[in-house]
Amino acid sequence: MPKAQRILIYVLRHDLRLADNPVFTTAAKAHDQFTHLIPLFVLNPIQYELSGFLRPSEQSPFPEARSRIGHFWRCGPYRTKFLAESLFDLKKSLQEAGSDLIIRTGETHSVVRSIIDALNREGSEVKAVWVTRDFTAEELDEERRIRKALPSSVSFKVFDDESTLICRKDVPYPISELPDVFTSFKKSVEPLRANARVAIEGIPSIPPLPIGMPPQTAPFLIPGALDDFINALQKPLLEKPDVPLISFPEGTRSAHSFVGGSTAAHERIAHLLSSGAASRYKDTRNGLLGEDFSTKLSAYLAHGCISAAQIHSALKEWEDRNNDGRENKGSAAIRFELLWRDYMRFCLEKYGADFFQLYGFGRKGRKMGGEEWRTPSSADPGAQDAFKRWLTGRTSTGLIDAAQRELLLTGYMSNRARQNTASFLATRLHIDWRLGAEWFESMLVDYDCASNWGNWAHVAGVGNDPRENRMFNPVKQANDYDPEGKYIRTWVEEARGIEDVGCVWQLWKLHGEERKKRGIEDPLVKIEWSTKKRAKTYGRFKNEHRSGGGGGPKRQQ
Ligand SMILES: Cc1cc2nc3c(=O)[nH]c(=O)nc-3n(C[C@H](O)[C@H](O)[C@H](O)COP(=O)(O)OP(=O)(O)OC[C@H]3O[C@@H](n4cnc5c(N)ncnc54)[C@H](O)[C@@H]3O)c2cc1C
């Protein structure tokens, strides 16, 4: 019986969806070549800490999954949970379609090879292995290793990544000629509504799993229940947290309370459209508090629970039914932001390893303000202390502390907060920006290699942004985007009850005894902002929001 099995293995990575997935769609049409399909996800030891999956009294053969420079956990507690939920959601969809998702731990090439060998021993024939293209060095290396590990009878195919808004093949020049200015790129692919890829409709009917799937090998064991699976992923991270745990401020709610998976992603899109949040997006996207000021689709996109094409198609359908087939300013702004995501992906493809270098991609060798980057170490205890205070949100600059604590406690922070806190580390403290990028990689629920490293390089002034020496003033930014100090008071409990909003933005300005009583430290950097300007811009901000027109405060990208 197994002799008749002609098997295809699909190694999933950041494409955890059944619908609008070119690999599943192609597999569904390839009946003549394959009788069976194995959808496989491998938790590899470079990106995921696997010791929580060990059988009792077993030792892990792998070193801890930590980042290169800062030695943070590569995938922290929020993303591991979101990933687990996304995997189990896909598993459920596949089971409903008569298949399943096979989850394994180990080095991807070895796992693939051991599955092939086990099935071959049973008389089945694995014919091919397919993956979706990725451009990070790690994923390219993974592809090379899989290719090398395959017996000559097994073919290997890499599918183009179609998770972007504008397909790579529709960019009107080779990616090596991608413009260094985002606006030029944008002009070359507009109009976005007409040029974006439309999602493939429906669920493909995919071939079943083969009989005789080998189990997970020792020393690891994969739990069958979601809670146990999450626990296995999180246990080592929670036992040895990178920074001391802090308590959740009373009465505060996470802006990112979403569970992983395609099902939740589509519910989120439906909510954004039916509640009007998508139409209001342009005016609210610079917000800091709450679930609906921005789409909160980033984590779903990063894991591939949805594609940008699915978001575009949902917006298009809404526009066709409700807006005479035209964009409104909200839907246009969402497409615009999704194009930033495309741009970062294409930049990663163009610049490769330079993306992760201290002196960045684009203008190599240029350093912010001409100063040397500082490395927190015993040789520079000042930088060490400053970095620790930045990590834990104790800089005494209100906006930075709120943002860093929100990240630490929820795995999310808004784009506005990300820009400010990244700029603070890189351009005020002059600390090696890659440490910040690694910290975000560990903590963000929506970590995406291209978007994270590209934006960090951009804000640190070593990307391909034509504007020189860009620096955010977090006090001015708090004045513009948190004029009443609500966001800061939400996350920084010691700022609650301070009446003067200026002292909420600049906590260190609070007077002697009061400051001591609240445990507020000396400022890491004294950032001033004139009260004269403050009164003026505060008035303008209030007016913009009262009128409801004219868009939100200007973006500083
Ligand atoms: C230092 C720094 C690090 C970042 N790291 C990441 C990251 O790891 N993963 C990530 O998805 N985004 C990252 N961003 C971009 C942006 O902050 C987030 O995409 C956004 O805050 C996510 O919330 P949202 O989905 O509600 O965004 P929305 O405002 O609703 O935007 C819609 C979508 O557009 C895309 N998008 C928006 N802004 C950007 C941008 N500047 N660059 C690329 N794509 C964008 C995202 O896919 C987002 O989901 C980073 C930005 C900065 C400044």
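For all residues, glycine too, the Cβ spot is worked out from N, Cα and C.
TrEMBL entries are annotated by machine, without manual review.
Annotation for Tyr281 (FAD binding site): spatial neighbours Leu272, Ser294, Thr295, Gly330, Ser331, Ala333, Ile334, criterion Cβ-Cβ under 8 Å with sequence separation of six or more. Residues or ranges marked as FAD binding site by TrEMBL: Tyr281, Ser294, Thr295, Lys296, Leu297, Ser298, Asp446, Tyr447, Asp448.
Residues annotated as compositional bias 'Gly residues' in TrEMBL: 548-557.
Among the features that TrEMBL reports, domain 'Photolyase/cryptochrome alpha/beta' is placed at 6-164.
The annotation region 'Disordered' is assigned in TrEMBL to 536-557.
What TrEMBL lists as site 'Electron transfer via tryptophanyl radical' is Trp373 (among others).
What TrEMBL lists as site 'Electron transfer via tryptophanyl radical' is Trp433 (among others). DSSP assigns Trp433 (site 'Electron transfer via tryptophanyl radical') to a helical segment in the three-state reduction. The C-beta environment of Trp433 (site 'Electron transfer via tryptophanyl radical'), restricted to residues of the same chain at least 6 apart in sequence and closer than 8 Å, consists of Leu358, Trp373, Ala422, Leu425, Ala426, Trp456, Ala457, Val459, Ala460, Val462.
Here TrEMBL flags Trp456 (among others) as site 'Electron transfer via tryptophanyl radical'. A helical conformation is recorded for Trp456 (site 'Electron transfer via tryptophanyl radical') in the three-state DSSP classification. Trp456 (site 'Electron transfer via tryptophanyl radical') has a Cβ environment of 26 other Cβ atoms inside 10 Å.
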Under 8 Å by Cβ from Leu297 (FAD binding site), same chain, sequence gap 6 or more: Ala265, Arg268, Ile269, Leu272, Ile306, Ile311
FAD site span - longest C-alpha distance across Tyr281, Ser294, Thr295, Lys296, Leu297, Ser298, Asp446, Tyr447, Asp448, in Å: 22
Mean of pLDDT values spanning the domain 'Photolyase/cryptochrome alpha/beta' (6-164): 96
Sequence-ordered recorded positions from Tyr281, Trp373, Trp433 with Cβ under 6 Å of an atom of ligand 1: none
